[in-house]
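First comes the structure, then the notes that go with it.
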Amino acid sequence: MFIINLLLYIVPILLAVAFLTLIERKVLGYMQFRKGPNIVGPYGLLQPFADAVKLFTKEPLRPLTSSISMFIIAPILALTLALTIWVPLPMPYSLIDLNMGLLFILALSGLSVYSILWSGWASNSKYALIGALRAVAQTISYEVTLAIILLSIMLINGSFTLKTLITTQENMWLIVTTWPLAMMWYISTLAETNRAPFDLTEGESELVSGFNVEYAAGPFAMFFLAEYANIIVMNAMTTILFLGTSINQNFTHLNTLSFMMKTLTLTIVFLWIRASYPRFRYDQLMHLLWKNFLPITLACCLWFISMPIALSCIPPQI
């Protein structure tokens with residue numbers, strides 16, 4: 001029974017990731033006035049499965065001078081962490097109802113840095129190492145703003161449990177009252193997942209392919225799956241935090257559909273941003289965070305601390 005539950009949890013996520021790669025190629029294709037994949041299956045719908053078969057049947061190559069154990073562990077760790085983050089998400093029911101769900105997600109997203117660092121260092125390639133160091137610096141930096149934004153949301157929500165956010169947003173979505181935080185959160189998730197215009201870790205013009213330059217076949221596919229699973233989970237988090245997942249507590253199927261549609265819309269905006277904007281320079285990326293986002297998020301956090309005290313009202317869960 002445990003194995004069946006595990007498969008029912010993992011397989012839909014992997015299918016969603018597979019079709020996200022297809023949607024990305026289609027969206028980018030139409031934005032550049034071309035078709036995108038349209039040969040394998042009707043309208044190219046079987047393209048992700050063809051890619052998976054190709055990648056997992058190829059021989060996984062390994063550089064002669066690489067550190068073998070870390071080189072193998074890094075992609076497995078990346079995919080495991082990307083799949084584990086889904087556990088506490090209420091959609092509208094979570095797999096495990098954690099009291100500290102938000103801290104759990106923050107901790108796991110911090111751990112994903114290790115897989116990137118290990119892969120870059122174990123490859124014994126200068127391009128991979130520079131890409132990994134960039135990714136680590138970028139991820140750790142933007143996690144600061146993400147943590148402060150989460151703290152601000154928790155001050156409004158009154159609990160670290162994700163499920164209570166559904167109750168908090170029954171009458172009004174939090175994006176209405178906290179739109180500056182929502183805006184900074186969305187841009188920070190772009191940087192956190194190493195997406196354009198913050199894809200400095202995979203700067204093709206400078207670093208060939210970034211931290212995964214020495215990976216091929218199965219291990220490369222694992223990194224790829226982890227990256228896209230993180231994109232979907234970050235957009236799911238945005239939906240839960242700011243866009244209220246429930247329409248009516250009695251119609252759970254409708255709530256799930258609403259949650260899926262909002263997450264899909266946010267994910268397509270991710271792809272739209274990739275098609276529209278050029279890559280940031282590294283100093284601009286850091287300047288945006290430390291000089292712009294951090295002071296504003298701290299100010300917003302202080303505002304949300306002082307408001308309930310000033311108006312003598314308390315969050316719903318205390």
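Placement of Cβ uses the backbone N, Cα and C atoms for every residue, glycine included.
Lifted from Swiss-Prot, the feature list:
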- 3-23: transmembrane segment (TRANSMEM)
- 68-88: transmembrane segment (TRANSMEM)
- 102-122: transmembrane segment (TRANSMEM)
- 146-166: transmembrane segment (TRANSMEM)
- 172-192: transmembrane segment (TRANSMEM)
- 223-243: transmembrane segment (TRANSMEM)
- 253-273: transmembrane segment (TRANSMEM)
- 294-314: transmembrane segment (TRANSMEM)
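Count of Cβ pairs under 8 Å against the transmembrane segment (294-314): among 3-23, 146-166, 172-192, 223-243, the largest is for 146-166. Sequence-distant contacts of the transmembrane segment (253-273) (same chain, at least 6 residues past either end, Cβ-Cβ under 8 Å): 20, 23-24, 27-28, 31, 91-92, 186, 190, 195-197, 231-232, 235-236, 238-240, 243, 245-247.
Of the two recorded stretches, the transmembrane segment (3-23) lies close to the transmembrane segment (223-243), with three or more CB pairs under 8 Å once pairs fewer than 6 apart in sequence are set aside. For the transmembrane segment (223-243), the residues of the chain that approach it from at least six positions outside its boundaries are 13-14, 16-17, 20-21, 75, 78-79, 81-83, 85-86, 89-91, 105, 109, 112, 115, 119, 150, 153, 162, 165-166, 169, 173-175, 178, 182, 185-186, 189, 192-195, 212, 215, 259, 262-263, 266-267, 270, judged by C-beta separation under 8 angstroms.
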